[in-house]
Amino acid sequence: MAGLQQGCHPEGQDWTAPHWKTCRPCQGPRGLTVRHLRTVSSISVFSVVFWGVLLWADSLSLPAWARETFTLGVLGPWDCDPIFAQALPSMATQLAVDRVNQDASLLLGSQLDFKILPTGCDTPHALATFVAHRNTVAAFIGPVNPGYCPAAALLAQGWGKSLFSWACGAPEGGGALVPTLPSMADVLLSVMRHFGWARLAIVSSHQDIWVTTAQQLATAFRAHGLPIGLITSLGPGEKGATEVCKQLHSVHGLKIVVLCMHSALLGGLEQTVLLRCARKEGLTDGRLVFLPYDTLLFALPYRNRSYLVLDDDGPLQEAYDAVLTISLDTSPESHAFTATKMRGGTAANLGPEQVSPLFGTIYDAVILLAHALNHSEAHGTGLSGAHLGNHIRALDVAGFSQRIRIDGKGRRLPQYVILDTNGEGSQLVPTHILDVSTQQVQPLGTAVHFPGGSPPARDASCWFDPNTLCIRGVQPLGSLLTLTITCVLALVGGFLAYFIRLGLQQLRLLRGPHRILLTPQELTFLQRTPSRRRPHVDSGSESRSVVDGGSPQSVIQGSTRSVPAFLEHTNVALYQGEWVWLKKFEAGTAPDLRPSSLSLLRKMREMRHENVTAFLGLFVGPEVSAMVLEHCARGSLEDLLRNEDLRLDWTFKASLLLDLIRGLRYLHHRHFPHGRLKSRNCVVDTRFVLKITDHGYAEFLESHCSFRPQPAPEELLWTAPELLRGPRRPWGPGKATFKGDVFSLGIILQEVLTRDPPYCSWGLSAEEIIRKVASPPPLCRPLVSPDQGPLECIQLMQLCWEEAPDDRPSLDQIYTQFKSINQGKKTSVADSMLRMLEKYSQSLEGLVQERTEELELERRKTERLLSQMLPPSVAHALKMGTTVEPEYFDQVTIYFSDIVGFTTISALSEPIEVVGFLNDLYTMFDAVLDSHDVYKVETIGDAYMVASGLPRRNGNRHAAEIANMALEILSYAGNFRMRHAPDVPIRVRAGLHSGPCVAGVVGLTMPRYCLFGDTVNTASRMESTGLPYRIHVSRNTVQALLSLDEGYKIDVRGQTELKGKGLEETYWLTGKTGFCRSLPTPLSIQPGDPWQDHINQEIRTGFAKLARVG
């Protein structure tokens, strides 16, 4: 019959006995045949062939009905997986088609035929195959891959065709997609509900078909609200299985693992490796139950059946004790087999267990489609594959291994059986029956054998109740009262914790190592001697020197008693034996310690950095209050810069600036803008380390709105223009910003570089400068000459005072750039020198080694360059200082070539373009030389000279090497195009001559390896008298080539006038036997033709066209 003839090949090729051996559905990608997989299925090749031949012979005996043919396509990955191939879709479909065509009760009015459509394992290929057979079949059996089921259903609905698939789910009521089996998720859910297991993981094979199956299964389980702890796919080999086992170990409370892959009982290697790994990792000790997914799709034989794979593999047999196999139930004797045997269509000794399990699923799908088509024709719809799902109602017919029962809603109601092993035998024992119509699991009397003796613990029943919200296995309504009580207790505890914390904070202000409030008893106030320095304009930013010109010793000699009366006249004190500085508030102003103020003070107290003065506490007295700060004896940066007796070189300045940048960067990283940064607020300690002070002072005043007079214009010279233009506060300009600090840093950079006050070069008053800065244009900035510091530092300074705040760099950027300017020097000058000396002494040996390696590297580079310019032997002699003696070579072949029209091309091109195209051309030629035994002598302009047989003699191979090279160069030259003039061809001509010559080095400066002798002149004459795209060969070279008998193709040119030689017989080298590259076609030139003028005119025309296009 036609169906049998199309059973193996999708395009209708004959399937006869000889084709069976190479039929792709029966043979995997590695040549794995049914004989090699007899552990998976006991189908014998001989029985299958015998069965197929009998069916074919039987079909030939049927009369040929003159009826219309209804062709169905069987979709599946039959050609990419040996296990899928074992389903034998052609045999299964043929058996069902024969039954349908011979069933008198089915009045189809048409002849049922089929085509096998292999789709591959990946979803895109499968969908493409499906679309390609739109017009070749009337309905489809499949898809097997659920990944393209939605797309296939939509396309089939538009085409007016139906899909009968056991792997795709569909809404009730039929339509384009007709499921031949119930939802696999519902089947698994019924089993899980029976055993009380809700927490699951899904592990799939790496194949696209199984990954998609796992994803859709997870979606279905999530729709039921089940907790999925893991969805993953196996990697290659044991390593991938081990990784999955580790992931399963990490999932808490896991009960079941659904395995979306081929069953180990059917030869599934991935499931076998995974189960062995699970046993090795201790996952098969009873804590988990493994459920294979693929066995849900077919009836797995189990009656009087032993699986050799369990007998032959002890670890797998032990691991399979943790597996529950759910499969369609099978009857003792299939009606399909009974009918076939009665009519002699199969061997008498062939039983149902010898058929691959998916075989029966395909068979049942065809039977179901035939009955739907029969019902459709009976109701007058006609022979059509559309809406067949609407014609499957209340059906009860014999299937392959059990009866096919369809209820009134079109749902199939098969019976599933749960199979188990005891970990020792190789047989599957039925323990439960699942009735799909009631979704109830009934025991059969044999208990499930769980490893360890007991099943995994049951999960909360709320997971399976659709009317109950289940959160982590707990019903929220039952715990609502507990949650309410917990919240109330938490609120009460929170209030108690707040008040306790508030009390502890108040206590921490006065006690402990991190206390903030200091008492007069903790400070020793010292009377200051009269100052001989000029007073500072900013009373709140006084110099940090101990006595403004005195020393600590003079202060101690003046007074060592605690005299509170001196407090109004001093800014220094002793605290815990260390000097401290008092940053006083305005007279009569007592700070209000609000929560915001205390938070700011605690933040300041916690700040510790080498370049930020430490805040030690707050002193609140009856008349005077002050911040207690770390003391720096060398005064402010402004004092240091104004001291003309102190010499400051760049190293010193860079050290101070780097300290300033580090301190400000630290404040910004702590989200603490300064707001009042100036050279007076930068102090220097005895080690010449610069520290930033007065940080937080403005914020503290703002936190409790303390009054302070407006600062003088001289105090605003460091202020950013946007702050000057902003709303004024009672104590100064606008709120502190990070970008405002960057501007102030730029002004300090100008002070350090010039050692002059800000904007000193303008010669204007501070008030006028502030007005110009706040109201540009013109832009008013300090002027710094290039000789007052490194150019990079001046450029960085100018970036810092950009008008737009967003254009100014961040402190991280400033720090990185300044480190590069300062070459990574440390902050302290003395420390930097000591560290430098120590580093130098420690790294001297490494430095010597590094320089030695660099010298060796340069030596190698020099030798490599010398060897590229001269032969290795000559280069070695020159390097050793020995004389290079000229050498006579009795037989060499020399190659000359040039570019026809090069002079015209050079005249019409820019010099840089000429160099570029010559470099491209000669680079291509040089690449050809690498594969031949030749030596490149030189290139002069467009002339290219190569020789073979020197400096290394190669016997009589010199002519062949040059000839092969010349042919290859000519082949590449024919396709070469100039980058600046791609439409202008490059025509190369070459000349070859063989003979003796002398080679030697000429000169001491830029020595050259030169060739001398008449052979060189003759080769040059051969090139100059040649023609474009031609290889001009002398008689000597021709004789050398013919003596080698390598199949060179040589044409006689005739007598040619050679300068200094007269007329000589010359030849053209046109090819070689076995040379496969194409050669450019030479110009047809007759004697006396002005071919050079024609070529030059062609070049000019090409450049003119290029100029017009440009």
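Each residue's number is its place along the chain shown, starting with 1.
Each residue, glycine too, has its Cβ placed from N, Cα and C.
The domain 'Protein kinase' annotation in Swiss-Prot covers 541-818.
Cβ neighbours within 10 Å of Asn304 (N-linked glycosylation site), excluding its own Cβ and spanning all shown chains: 9. For Asn304 (among others), the entry in Swiss-Prot reads N-linked glycosylation site, with the evidence type sequence analysis.
Secondary structure at Asn374 (N-linked glycosylation site), taken from DSSP and collapsed to helix, strand or coil, is helix. For Asn374 (among others), the entry in Swiss-Prot reads N-linked glycosylation site.
Taken from Swiss-Prot, the feature signal peptide covers 1-66.
Taking the topological domain 'Extracellular' (67-475) as a whole, pLDDT averages 86 in the prediction. Taken from Swiss-Prot, the feature topological domain 'Extracellular' covers 67-475.
Per Swiss-Prot, the feature topological domain 'Cytoplasmic' maps to 501-1110; the stated evidence is sequence analysis.
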Look up Asn304 (N-linked glycosylation site) in the DSSP assignment and report helix, strand or coil. coil
List the Cα distance (Å, whole number) between Asn374 (N-linked glycosylation site) and Asn304 (N-linked glycosylation site). 37
Around the Cβ of Asn374 (N-linked glycosylation site), other Cβ atoms within 10 Å, all chains included, total 19
